[in-house]
Ligand SMILES: *[C@@H]1O[C@H](CO)[C@@H](O)[C@H](O)[C@H]1NC(C)=O
């Protein structure tokens with residue numbers, strides 16, 4: 001071959017790269033496959049627009065991690081009258097533990113008081129099994145009472161004529177009188193007014209990805225309204241002041257029961273913000289659940305003991321022990337935010353278009369393998385290259401003809 005024609009072949013090959021090539025379309029007059037294809041196409045577009053974009057907002061980039069700060073403050077006063085210490089006034093200082101305004105705190109609603117405990121000798125409580133004795137030999141001096149209140153002194157204290165007693169112990173005396181379960185249901189020491197205590201919750205959040213901050217207090221709300229309002233799911237859903245009784249009712253439990261035996265309540269603050277909209281539409285939703293519910297009534301509830309210490313004028317210390325029942329509140333903050341972003345938009349449009357391509361593949365499959373005259377469609381769809389002669393291959397692309405399908409003109 002002449003080098004000249006070799007060169008021109010290379011040039012022609014290079015030039016053919018610059019030709020634009022497009023696929024040939026075969027129109028099939030089958031209305032059944034055609035409408036099936038349209039249905040597939042429409043449902044994929046509907047899914048893409050309706051679910052992926054409008055409902056799931058997939059055109060947004062999302063932020064699921066939320067930075068949050070919570071501050072609480074309680075208000076309200078309760079008055080109790082006990083046989084041990086008479087009238088007592090309970091302010092937030094007395095009934096909120098710990099008092100520094102945290103996201104987890106405890107509100108005293110009921111208590112058992114053991115006043116004037118001094119270090120000394122007294123009988124162990126009969127409710128402690130390890131403290132029972134029949135004689136002094138059961139009360140070895142210096143031994144601790146398992147799950148009891150103090151150290152044995154070596155004496156067994158028995159009431160006249162009884163064979164069973166309890167060991168004498170060195171402890172904070174007198175020991176707490178443990179209530180029998182019917183006693184526990186006495187309402188005498190309850191802080192009834194606790195139902196009307198108010199909890200002010202201040203919550204500031206931030207979505208670091210979008211540098212967006214917000215608080216659960218409306219910017220527009222005047223100070224006076226903020227002092228007065230009470231949260232109500234329907235009427236005042238954005239008021240940050242909650243009545244304790246309302247919170248308990250929202251969990252579906254009775255305040256009386258819960259105040260008596262105590263319990264745990266979770267307050268969930270949920271922020272779901274669409275930052276393509278006005279920031280004022282980014283508002284929290286509050287949700288209340290009781291988290292200590294148990295099948296058995298005996299094991300639900302919440303209580304603990306603490307003491308207040310005093311000194312007499314002579315310098316001797318004594319204490320008042322409180323076993324307090326109450327409601328422990330745990331405030332949890334969750335949230336996510338989304339904002340328009342071009343990359344997820346393209347990714348979702350791209351995957352939607354790929355699905356439409358899948359629909360075309362499915363219709364092709366029906367056409368070529370399931371339809372009655374599939375052989376006819378196959379002949380049109382596939383050109384059989386094996387039938388072509390060697391001359392055909394050597395022809396330039398412009399001259400090439402599908403000789404086996406098109407009739408000779
Ligand atoms: C709570 O407040 C309301 C209205 O101020 C009052 O009628 C009610 O008696 C109070 N409840 C208790 C238990 O004090």
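Every residue, even glycine, has its Cβ placed from backbone N, Cα and C.
What you are looking at is a predicted structure, and each value in this text was computed from that prediction instead of being measured.
Under the heading ATP binding site, TrEMBL lists 73, 74, 75, 198, 303, 304, 305, 323. All protein chains shown were included, and the count of other CB atoms within 10 Å of the CB of residue 303 (ATP binding site) stands at 18. A strand conformation is recorded for residue 303 (ATP binding site) in the three-state DSSP classification.
Sequence annotations record features per position, and here TrEMBL assigns compositional bias 'Polar residues' to 389-403.
With a 10 A radius on its CB, residue 173 (disulfide bond) counts 19 other CB atoms from all the protein chains. TrEMBL lists 122-173 (among others) with the feature disulfide bond.
Taken from TrEMBL, the feature disulfide bond applies to 133-156 (among others). If you take the C-beta of residue 156 (disulfide bond) and look for same-chain residues 6 or more apart in sequence within under 8 angstroms, you find 133, 134, 135, 136, 138, 139, 165, 166, 167, 168.
DSSP gives residue 139 (disulfide bond) a coil state; it is part of no helix or strand. Its own atom aside, the Cβ of residue 139 (disulfide bond) has 24 Cβ atoms within 10 angstroms in the protein chains shown. Per TrEMBL, disulfide bond is recorded for 139-167 (among others).
All chains included, 20 other C-beta atoms sit within 10 angstroms of the C-beta of residue 239 (disulfide bond). The disulfide bond annotation in TrEMBL covers 229-239 (among others).
Residues within less than 8 Å, Cβ to Cβ, of residue 282 (disulfide bond) and separated from it by at least 6 positions along the same chain comprise 212, 214, 271, 273, 274, 275, 337. Summarising the annotation, TrEMBL assigns disulfide bond to 273-282 (among others).
In sequence order, 76, 243, 244, 245 are the residues near residue 196 (N-linked glycosylation site), counting only same-chain partners six or more apart with C-beta under 8 A. According to TrEMBL, the feature N-linked glycosylation site maps to 196.
The feature region 'Disordered' is assigned by TrEMBL to 389-409.
Feature annotation from TrEMBL assigns transmembrane segment to 346-371.
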Cα distance (Å, whole number) from residue 229 (disulfide bond) to residue 74 (ATP binding site):
14
In the structure shown, which of the disulfide-bonded residues 167, 229, 273 has the fewest other Cβ atoms within 10 Å?
229
Should residue 229 (disulfide bond) be counted as helix, strand, or coil on the basis of DSSP?
coil
Determine, using Cα-Cα distances only, which of these disulfide-bonded residues is closest to residue 303 (ATP binding site): 122, 173, 229, 239.
173
